[in-house]
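S.K.: Before I ask anything, let me first share the structure, which is written out below as C-alpha cells.
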Amino acid sequence: MKLSKVEDGRDPAHLHRTLTLEMVRVTERAAIAAAEWRGKGNEKAADEAAVAAMTAELDRVSISGRIVIGEGEQFECDNLYVGQSVGTGQGPGVDIAVDPLEGVTLCAKNQPDSLVVLAMAERGGLLNVARNVYMHKIAIGAEYAPDTVHIEWSATENVKALAKAKGVPISEITAIVLDRPRHGGLLEELRTAGVSVKLLTDGDIAGVIHAVNTADTGVDIYLGSGGAPEGVLAAAALRCIGGHMQGKLILDTPDKRLRAREMGIDDPNRIYDVTELAAGDVLFSATGVTDGSLVDGVKLRRGSVETSTVVMRSWSQTTRWIKARHAR
Ligand code: VTB
C-alpha cells in the first residue's frame, strides 16, 4: 500500500506545519481587537485595532517575515507596510500578505462577513501588488477543466461555457459579483443571459472561495473586479482547497504602472493563474470578526472570548476550522 504524503512522515514543505497554528494566533488576536469596534461606525479605529494586534502577534512568531501585501506603502502607514520585517527574525524567511480587516465597512456596521485574513508563502511566492490596485478576477471550482472559462471572454461566453460543462441551463448558474457601479455592464449581461447573481456588498476573498465551493454554497462562478491584494489572498486559499482562478491587474495610471514595475511586474497585461498569484508552499488563515458565510464572528462571553478560524495549508491540502476559547 502506498502511504500518503502525510502518513509516511516526510514533509518536504518549506513552511513548517507548526506555523499553521502560529498564523491562527495572529488572525485570532487581530479579530478580537477589531471586534471591540463592531457596529461603532468607526472604520478607522477598527482597522487600526486589527493592524496593531496583528503586528504585535506576528512579531512573536519565529520567522524572518517580510510584508509583501500590507496596509499600504511605508510612507502611508506605521505598521504592516510593504517591505516591513515582521517576526522574531529567527526562523525561516517567508513572505506575508495581510488584510487585517477585510470588509472594514461591514465591521463598522456590524454586518456579516468581515474577516481578518493572512497568507504566508515561501520567499517570492506571492505576487506583490499595491493596496490601491484593482484586479479583474474569474474563479470556478476544481471539478471543471481549467480552460472552461477565460478572463478575456465576455461574461455571456463564460456562463454559457460553464453551463455546458456543468450540464445545466444558464438559468441554473449562479454568479457572485461585487455590488459596484463599475459592474453595471457586467450585471446587465448576466441578467440578459438569465444567470442568478449573488451580489456582495464587500468581501470578495470570501466571494472567490464561495465560487469554488459550489456544492456548499450554490455559487458557480466569481466574475468582476475587486482589490488586487484580495485577489492574491483568495488565490492563496485556492492553492489549498483547489479551484481555478485567473487575475489581471488593472494598472490604469502611470503611477500604478511604475509602482508595479518596481514591485517586479514587467508585463502590465499579464494574465495570472492561481499558481502565479500564489506559488510554492502556502498557508492561509482567516478569523471571523462578524458572523459570516465562511466562519463565525468573535463571541464575547462573560469570562471568555470565542473565535472561529479557517486555516489551510497547500502542501497537505488540509483545511481546519479552529474554534478557540480565550480567557478575557
Ligand atoms: C473588494 C473587497 C473589499 O473592496 O476587494 C473591494 O474584498 C474592492 O472594490 O472588502 P471597491 O474598492 O470598489 O470597494 C472591499 O469591498 C473593501 O476593501
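Note that Cβ sites are derived from N, Cα and C of the backbone, with glycine treated the same way.
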S.K.: In TrEMBL, the residues ASP99, GLU102 are said to bind Mn(2+) 2. Which of GLU189, GLU230, GLU262, GLU276 is said to bind at that same site?
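M.R.: Candidate in the recorded Mn(2+) 2 site: GLU230.
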S.K.: Measure the Cβ-based neighbour count of ASP99 (Mn(2+) 2 binding site), defined as the other Cβ atoms within 10 Å of its Cβ.
M.R.: 28
S.K.: Of ASP47, GLU71, ASP99, GLU102, GLU230, listed as binding-site residues, which ones have a Cβ less than 6 Å away from ligand 1?
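M.R.: Among ASP47, GLU71, ASP99, GLU102, GLU230, near ligand 1: GLU102, GLU230.
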S.K.: Validating a neighbour-count step here. Other CB atoms within 10 A of the CB of ASP47 (Mn(2+) 1 binding site): how many?
M.R.: 19
S.K.: Reduce the DSSP letter at ASP47 (Mn(2+) 1 binding site) to three states and note it down.
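M.R.: Once the DSSP labels are grouped into three classes, ASP47 (Mn(2+) 1 binding site) ends up as helix.
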